[in-house]
Amino acid sequence: MRFDIITLFPEFFASPLSSGLMAKALARGIAEVVLTNPRHFSTDKHQRVDDEPYGGGVGMVMKPEPLFAAVESLPALPRREVIYVTPQGQPLTQQHLWHWSRERDQLVILCGHYEGVDERVVEHLVTQEISIGDFVLTCGEIPALVILNGVLRLLPGTVGKAASLHQDSFEDGLLDYPHYTRPAEFRGWTVPPVLLSGHHGEIAAWRRAQQIERTRQRRPDLYARWLARTQGQAKTH
């Protein structure tokens, strides 16, 4: 799979791409990451990529010409998505990550800066707007890295035990269950006895109950959706 990151700061990605599972995945040829700086496509002698907004207002807006030129300079694979990371986008979910990992050959991720990009970029170049939360960051590189990491770990061969991917939080609409390891007792705090019992059925039931209760307490929005879906499935049987 190919990832194209359109960024004013390619150096931002140096450390993440050279460490951990992402570095191993790239070394194995599971994916390719190409960083493209839109400044290189500016026709301004000072390589400016931003200008003042029409209608007035604070801040600067990224110009359309360098962004269009940067994206159009890339090879276009048959199943390509052009993503703009912005607080105005759809909230990123695990379902987005799975969809891209299975249904796309190329992700082009546009990192915004300043007050954002010229709306013509969004209307005529971008195919999907994505937000990682209801907050504002200084740059689009951080959410771009979130998407890159989230999709990359789902590609076959990146994670050693592929089965573990389906036990993560959000895979079935619930949060993950608690995890414990040795020692069985630490500073007087003990591991739940059921996990030491060796009864796989009881362990599975305990973990499921923990998932449901944890989701109900911490993410009532997720719990409500899970409950509605579960009840709907029960009515169809």
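The backbone N, Cα and C atoms fix where each Cβ goes, glycine too.
For the recorded site, VAL136 (S-adenosyl-L-methionine binding site), the DSSP three-state label reads coil. The S-adenosyl-L-methionine binding site annotation in Swiss-Prot covers GLY112, ILE132, GLY133, ASP134, PHE135, VAL136, LEU137.
Within 10 Å of the Cβ of GLY133 (S-adenosyl-L-methionine binding site) there are 11 other Cβ atoms, across all protein chains.
Of all Cβ atoms in the protein chains displayed, 7 besides its own lie within 10 Å of the Cβ of VAL136 (S-adenosyl-L-methionine binding site). In terms of local Cβ density within 10 Å, ILE132 ranks first among the binding-site residues ILE132, LEU137.
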